[in-house]
Every structure is written in structure tokens, then in C-alpha cells.
Amino acid sequence: MKIMVAVKRVIDYAVKIRVKSDKTGVETSNIKMSMNPFCEIGLEEALRIKEAGLASEVIAVSMGSGQCVDTLRTGLAMGADRAIHVDTKDVMLYPLSVAKLLKKLVDLEKPGLLILGKQAIDDDCNQTGQMVAGLLKWPQGTFASKKKDTSFFGKDREWLRFNVRSSVEDPYLLMVVLDKEKQVVTVDREVDGGLETLCLDLPAVITTDLRLNQPRYATLPNIMKAKSKVIKKVTPEELGVEINKSDLEIVQVTEPPKRKAGVIVSSVDELIDKLKNEANVI
Amino acid sequence: MSSVMILKSLKKKPLQTTFISQSYTIKSVSRYVSTLILGEHEGGHVKQSSYSAITAARSISEQNSISLLLAGSGPSIHKAASHAASFHPSISQVLVADTDKLSHPLAEAWAELVHLVQKKGGYSHIIAPSNSFGKNVLPRAAALLDVSPITDVNDISGSQVYVRPIYAGNALCTVRYTGADPCMLTIRPTSFPVLHISSDSKWDAAPVSQVDLSTYSEDTLGKSRYLKHTSQDTERPDLGSARVVVTGGRALKSAENFRLLEKLAEKLGAAVGATRAAVDAGFVPNELQVGQTGKIVAPELYMAFGVSGAIQHLAGMRDSKVIVAVNKDADSPIFQVADYGLVADLFDVIPQLLEKLPQKK
């Protein structure tokens, strides 16, 4: 079975973004970009499934400008076998177009599992995985989380990071549990008020939540090896998807209203007094 | 053009003829607005977040004809439906899909249902709350209808123009929907407070009708099966809708120390929240996480103890009315958004607060 993982190039999560003065968007030139954190988790999960002997190949795919190749190269350095870049030039892409492009790639490559992050940290949409699942008529396991309880993982996290290979020999450390014989996957989902467990027939779409796993770092030898791995380039035209028209139009991007400056109080008594008499909230 | 559309909708919606003739006379409405709300229910009641969607639907247009769709099986769905029918006069119809296939809110079954109901009803808007249910179901349904959905709307300016936060709330994006019907949204419940009607006003309860499921497409059903739900029992108010929220970060150091915060929460009648650091360290379960990837809250009072104020955390609480921060580090970014800051050790402050705060019922 092949696993396809969609990865997105976004502004690095630690960067404090600036809104452009003409209100057309946010400043993206000369700003550190990296792989969307949720996509890293998705890729990590795919690699662990492969290392557990449950998948034969991991394909990383990305849509966007030429620079997405850097993001795919990172994915290859983490351990993906090959990559596909859909070059969409500088066209503004919405999740509906990405879902249509992904569907075409799935039709071509026929993976048994498609893994995405639950949302991109730039547009915060949380839509693409659900939409491609709908288009493919595949079942979906969104917001996939980990199986074991938090206390265990809090302690084991460092160990996991450095011993990823040995950790996947225990199939229960795979947070998405795959049953090859029955062709099903069991997913624990983070929902409001707890965890929900679903069983999905393969092929299926899974989107990853933050706590699914701890992505590995690419090692130097793997970064070198990644340079010789193949990144196939395709265009939306070749896939037969129209991306230039959209039913959404960005009117403006603005800064959120600033909160008025607060005050530093000197004691608990003063705090309680302010909350009681000035803010009237207690 | 608009009259053609109205005629079309007239044919499609025999149940709403009275309402349509009303809006037909209002010349200022250039476009017939009708909204389908995807509702969630539990234990015979419709959830508050679904009622928030009514507030959002009314801010699209006052003359919005609102249908609430509920799905499930057994007596509790009918109880929820009859409650909903008389909840607010702007609900013009409650639709019930009573089938075993929808006894759990699975996205596959729900998306097909929305597709079916939209084909019959021709709604101009479809709204769901932006929670784990709405975010799971609505984009899938949108793909089946070939339209772009809009996530996490927190302000509506006209029937097709919406404002939503991007980049963890560090920018606001105004988008115009220019596509075909329906325009599909998930809305932030905290931005659209539930409308309550005074108890002495009278109106006729909306009709409750069954969705005809004879043409329900079943090709994706059964591909996903519900196994179980594990929840954390809590007697405190729900984090998403609490009036007061107290939150702890990594500085609380242990799960035991979080009990201190729980005591304080009890005294204030507050919900307890946490930062990602506290969740990852195993102090509290993950459904307490406030932030870009956790819950978005907007209480009247938000008290942050030992929270540094990373942008991902601020995204989940920056709309709170009053923010209080207690932190040892005077340079913590949390102080930039706090209305009242106290630079002190939280292990000194919390016991003092416990002692000095007035008891809440």
C-alpha cells in the first residue's frame, strides 16, 4: 500500500506576521517559510506506518509556487520516498482547488491512505482533508489524535524523538492503527469534550491533530540522500483542473483591533478591587 | 432575476409559502435569503452552539427564512426538535432526519444528508457552528455541492461578505463569496451570542417535518463506523461557553498544582483551561487546551496563571472581555494583551485569591 501525504509551505509558526499596508494580504517576502506543523505530523505518521511494515511507499505532494520544492525536499529528508509538485505559479489557491488537484493525484497514484494536516496555520481553514474525502467518496478520520494517555507520552517524548525506529516496532505506538488484513484503520479523533474512536474502511483520508506524534528531525545524511530523490513536476492543466477561477474573493486583510493598554497592579488586593469596581466582572 | 429565483424557491419549498410571500413584498431584499442550519443535539436538547448559528443567520438578513436540520434516531431527537421549534420566532422550520445511519454524527452520512436536503430546499446559505462537528461535516458537504466553504466566520457584513481570522488571529480577512448557492459557513459561536426571547412573548411554534430519506445516497455510508467516545467528566461549566475562565500554563509544574486552579475555578464558577505546554506535559487532558489548535473562548473574565502568551495561545482568548495575567516574568507577551497584570509568583497569588475572593453561587 502507498501512502500519500499532502504538505503545505507556510510562514514559519514562530514568525510574528505583518499585515501589508495596502491591505491585500500579509508580508511574505524575506520571511522564513517552513512546512506546516500539522503536515509534519502527518508525514511522520506515514513514515511510522511504513517503518512498521504496513506500507510500501510514502509520497509527499505539495501545491503552489516553485518554492514548494524546498518543502518537499524537507519531506524527502525526513524519509518520504518521492515527491510530486503541482506547480500552480502564483495563483491564489483555495482548499476547493487543492482538494480537486489532490483527487486527481490520488486517481493517478492510487494510494491506500491519504494523510493531511488538520489545518494550515496560515489560512486556518481546516477544510482540505474533508473536501478531498468527499470528492473521492472515501471515509474520513479528521483531527486524528494519539491512543495512549498524556502522562505516558509526556515522559516518553524525548525517548521517542531519538528512537523513532525502535518505537514503531510496537504497533500500538502507531496512533493511527492499521489492520492490513481487514483493510481498515482505527482512528482516535479529538472532538469537543473528549476522544471519539472510529473504524474506517481503506482507502481513507486522515487529517492529523497536534498530539498525534512528535515529528523527527531530518539528519544530515538523510538531507544529502534527499537531494537524489525524485520530485515530479506536474501542472494543473495536465491534471485537468481549473484553478484560475474561484468563488471566493479576498476583499481585504487587516490587523485585528488592538486591545487598549492594560495596567500592572501591585497586589492581589488591588487586583480584586479593580475586578470588582472597575471591570465589574466579579 | 430575483423574481425568477423566488418562483423557483416557491416551487421547491411548499412548506414556506407564507414566509416567501412576505419577503416578496419587501422590495429592499434583492435576493431571497434562506438558511439551513446544521444542528447538533444531545439528550433531547439542541446545543447552544447551534442556536448561535441562528444569530449569525439573522445577521445575514433579518428576513432570513431559517430551517434547522437535526439528525439522529430515537425519541431524544424528536424531543430536541420540538424544543427547537418553539425556541425562537425566526426559526421557520425544523427538519428531522430520523435514521439509524445518523445516530452518530459521522461526516459521511451527514454530508450526504446535507446534499439531499439542499437539492430539495435550494437554500442560499448553509451554516454550522465552528466546532469539531461543524468543521468535520461542512467542508465535506461543500465539496459534494462544489462550493468553497468559509471557516470560523466571526463577523458578517452583508449576505455575501464575511470576516474571519487568519494566521492564528493575527490578521482579519474579509472575503466575498461570489459563487452559486449555497454559500456555506462555519461560525464562531462566541462571536454570535444566542438570542433569547422574553418568556411572555408569544408566537406559533415552527412546523417540524421529516426529511424524506427515500433518495438518500448510501454509497459512502458504512465505510466509517463509530466505535466509542471517551469523555472527561466535569461538573464545571463548559469551557466554550463559560462566563469566567481560569487558565494555567507550564509554570503550574504538575497535575497536583492544577487542583489549586480548580479550587479557584470553583470559587469563581469558572471553567478551567490550559495552554498546550500544560497539556503536553500531562497536567490536564487535551480538551482543556485554549488556542489556535484548541478551543476558542471569549468569556467576560479570562485569568491566565503562569501563561507566557504565545501567539497560538492568544489566538484562542484574545476576544475575552477582561484579561488578567499573573506571571513572574514581567516581559511575558501575555502582559501586552492583559487588562490587569500582576507580576508575582502564582503560588503566592492563588492562595491569596482563594482567601479574598467573594464566594460565587
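A Cβ is built for glycine as well, from the same backbone N, Cα and C atoms used for every other residue.
TrEMBL annotations: computationally assigned, not manually curated.
According to TrEMBL:
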type    : residues                                        : note
DOMAIN  : B:35-225                                        : domain 'Electron transfer flavoprotein alpha/beta-subunit N-terminal'
BINDING : B:R250, B:275-276, B:289-293, B:306-313, B:N327 : FAD binding site
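Sequence-distant contacts of B:A310 (FAD binding site), defined as residues of its own chain at least six apart whose C-beta falls under 8 angstroms from its C-beta, comprise B:T275, B:R276, B:G291, B:P333. Averaged over the domain 'Electron transfer flavoprotein alpha/beta-subunit N-terminal' (B:35-225), the predicted model reaches a pLDDT of 93.
Those binding-site residues from the list B:R250, B:Q292, B:V307, B:A310, B:H313 that have a Cβ under 8 Å from chain A Cβ atoms: B:Q292. Every protein chain shown contributes to the tally, and the Cβ of B:Q289 (FAD binding site) ends up with 27 other Cβ atoms within 10 Å. Taking a C-beta cut-off of under 8 angstroms and a sequence separation of 6 or more, B:R250 (FAD binding site) has the following same-chain neighbours: B:T275, B:A277, B:A278, B:A281, B:G306. Note: B:V307 (FAD binding site) has non-local neighbours B:T247, B:G248, B:G249, B:A251, B:T275, B:H313, B:A325, B:N327, B:S332, B:I334, i.e. same-chain residues 6+ apart with C-beta under 8 A of its own C-beta. Scoring each of the binding-site residues (B:Q292, B:H313) by how many neighbouring Cβ atoms lie within 10 Å, the top position goes to B:H313. In the three-state DSSP scheme, B:Q289 (FAD binding site) falls into the strand class.
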